[in-house]
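Structure, as structure tokens:
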Ligand code: EPZ
């Protein structure tokens, strides 16, 4: 089991380059299976989730490898549409493969991804969308089998602008017969990236980034080369790290337009944020001010994936702040751990009431999920003393060697691997 040991109290300073977006690369890699041949996907981060997706593509018969930040995947030998349960368990985003496999093979077998630390994570909107396109869905136990002789375009209204459901429907509709219109679609930048990738493969669609996406199905797609967008959540995480340590940090290879709502809240907290073409600078020399209310919302609202990190900043701000989590029903698991470091937070259903404290103190804390883990690292950077963050594998799902990234900014973060002590004693 690995853990990070963090010596807190040091302001971050310097410049780092942000890696490509996990949540753009995953659906793009899933979509590659729709076109036979060799695809080259660039700016792909070296993360656990990416390696699981590559293992799934290999299990489906593809050849796939990551060299540096470039993935080469040859889908011509794909010969299966059954996602292995073991791999499905490792990453619920495997559900993104339903649309592409239905489009390519006319059938797919997956398993209910189940909930995780942040909430129930249902996939009913995915299944309803695929059924609207003519797929038959059969659930027995936790196995889900979908098949369709021919997918046919349809008008689909999403009850909620689900990112994954929007992406699955876009991919299935790209090769369906006729026109599909998705209403109340998710508007995240990763949706726009997927549309751009599909268009380079020959798909016909418009509207990604708005709440209405229109797709005209085509019979065939061709393999292509594509570069995914920078990771806006890793960018936002590093912005918060700079702010809580009262540092001065420049982030390169970013898209400031993807972080408008985050920049707005940071400025309300008194943090200086300046942007240029693909650069963001964050400077904070005084104690941040409380922000009366931060509400997570679908893009372009404040991202749920930066809620834990923002909670750390507000825990150290002057005054009382409220965070309301509207996307997931269980995304406050980091509150107990932050409280053990001295934060003063009370939660009631999906609201957190935060009374800022002048400092937090190092402690041994446990990551419960990807972004909560990142938040605990940020808290450790600001804390007085030493913080040990356990269950680091959660963090590695979304951050490429976070200790090296922060180390480039002067942080003292080391990774340790705990050897199973009982084997040494027996
Ligand atoms: C994507 O998850 C991201 N993951 C998540 O990032 C992100 O938090 C989320 O979008 C919201 O922005 C990837 O892109 C790989 P949703 P996704 O479908 O697609 C409910 C991270 O940290 N819902 O928009 O699963 C669901 O329960 C991860 O990188 C249904 O009810 O998110 C949740 O409450 C965490 N039925 C809400 O919608 C459905 O069929 C948002 O889910 C689908 C979703």
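Cβ coordinates are placed from backbone N, Cα and C, and glycine is handled just like the others.
Here is what TrEMBL says about this protein:
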DOMAIN    7-403  domain 'Enolpyruvate transferase'
BINDING   22, 23  phosphoenolpyruvate binding site
BINDING   92, 305, 327  UDP-N-acetyl-alpha-D-glucosamine binding site
MOD_RES   116  2-(S-cysteinyl)pyruvic acid O-phosphothioketal
ACT_SITE  116  active site, proton donor
Subject >> Closest of 22, 23, 116 to residue 327 (UDP-N-acetyl-alpha-D-glucosamine binding site), Cα positions, recorded positions only >> reply: 116
**OP:** Please determine which of the binding-site residues listed here (22, 92) has the lowest count of neighbouring CB atoms within 10 Å.
**Re:** 92
Subject >> Listed recorded positions adjacent to ligand 1, that is, members of 23, 92, 116 whose C-beta is under 6 A away >> reply: 23
Original post:
Average pLDDT across the domain 'Enolpyruvate transferase' (7-403)?
Top reply: 96
Original post:
Given the recorded positions 22, 23, 116, which lie within 10 A of residue 305 (UDP-N-acetyl-alpha-D-glucosamine binding site) by CA-CA distance?
Top reply: none
**OP:** Using DSSP reduced to three states, classify the residue listed as '2-(S-cysteinyl)pyruvic acid O-phosphothioketal' as helix, strand or coil.
**Re:** strand
Subject >> For UDP-N-acetyl-alpha-D-glucosamine: widest Cα to Cα gap among 92, 305, 327 in Å >> reply: 17
Original post:
Out of the recorded positions listed (22, 23, 116), which are within 10 Å of residue 92 (UDP-N-acetyl-alpha-D-glucosamine binding site), Cα to Cα?
Top reply: 116
**OP:** Excluding 92, 305, 327, please set out which residues of the same chain place their CB within 8 Å of the center of the CB atoms of the UDP-N-acetyl-alpha-D-glucosamine site, keeping sequence order.
**Re:** 118, 119, 121, 163, 304, 328, 331
Original post:
What kind of secondary structure is residue 327 (UDP-N-acetyl-alpha-D-glucosamine binding site) part of, going by DSSP in three states?
Top reply: coil
**OP:** Using the structure shown, find which entry in 23, 116, 305, 327 (the recorded positions) has the sparsest Cβ neighbourhood within 10 Å.
**Re:** 116
Original post:
Reported as an integer number of Å, what is the Cα distance between residue 116 (2-(S-cysteinyl)pyruvic acid O-phosphothioketal) and residue 23 (phosphoenolpyruvate binding site)?
Top reply: 17
